[in-house]
Amino acid sequence: MHEAGLMASVLEIIDQSRVENNIRRVTEITLKVGVLNGALPDALQFAFDALRSEYAWLDASSVLRIESVPAILLCFECHYQGPGSEMTCPACQSVLTQLIQGEEFDIVGFDGEVDESSKDRSLYESLGRGGQ
C-alpha cells in the first residue's frame, strides 16, 4: 500500500511548514488527487487515520479532505479537450493525445491554530528583548 508512504510524506511536509508558521495544531489538510494517479482516496484516508496518533499536532477532530481531479485529454488532431482516461481520442480515435490533467498529487494546504505564545516569543526575540 503505497498510500501509507505518500501520507507519511505529506505529514512530514506539513509538519515542517506548520513549525515554520507557528501552527500548534492542524485542523484540516486538503489534497488534490488525480483519478489516474494510482492513489486511492479510501487508502489515503486509512493511512491518515493510522498515522494521526504519531503527530501531537493532529487529533481525532483533524480532517483530511481529498479533492478528486478528473482525467482530461487533449487531442492534437481534432483539438478535442475533455474527459478521457485512454490515450486514444474519444472524438476522432487519434493517438496523438496528451493527458493534461488527472495524475496530480498535490498538497493544496492546511488549516490550523496559531501558537500565540510562540509567536509572541519570536516577536520579542526579533526585537532583541529575548523574553523580557
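Backbone N, Cα and C atoms are what each Cβ position is placed from, and that goes for glycine too.
All annotation found in TrEMBL is predicted automatically rather than curated by experts.
A quick note: this is a predicted structure, and the numbers were derived from the prediction, not measured.
Here is what TrEMBL says about this protein:
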BINDING   H2  Ni(2+) binding site
BINDING   C75, C78, C89, C92  Zn(2+) binding site
C89 (Zn(2+) binding site) to the residue listed as 'Ni(2+) binding site' - Cα separation in whole Å: 30
Among C89, C92, which are binding-site residues, the residue with the most C-beta atoms within 10 angstroms of its C-beta: C89
In the chain carrying C78 (Zn(2+) binding site), residues 6 or more apart in sequence that have Cβ under 8 angstroms from it: C89, A91, C92, S94
Environment of C75, C78, C89, C92, the listed Zn(2+) site - residues of the same chain whose CB lies within 8 A of the CB centroid: F76, E77, H79, Y80, P90, A91, Q93, S94, L96, T97
C75 (Zn(2+) binding site), number of other Cβ atoms within 10 Å: 21
Between C75 (Zn(2+) binding site) and H2 (Ni(2+) binding site), the C-alpha gap once rounded to whole angstrom: 31
Intrachain C-beta neighbours of H2 (Ni(2+) binding site), sequence separation six or more, cut-off 8 angstroms: G38, A39
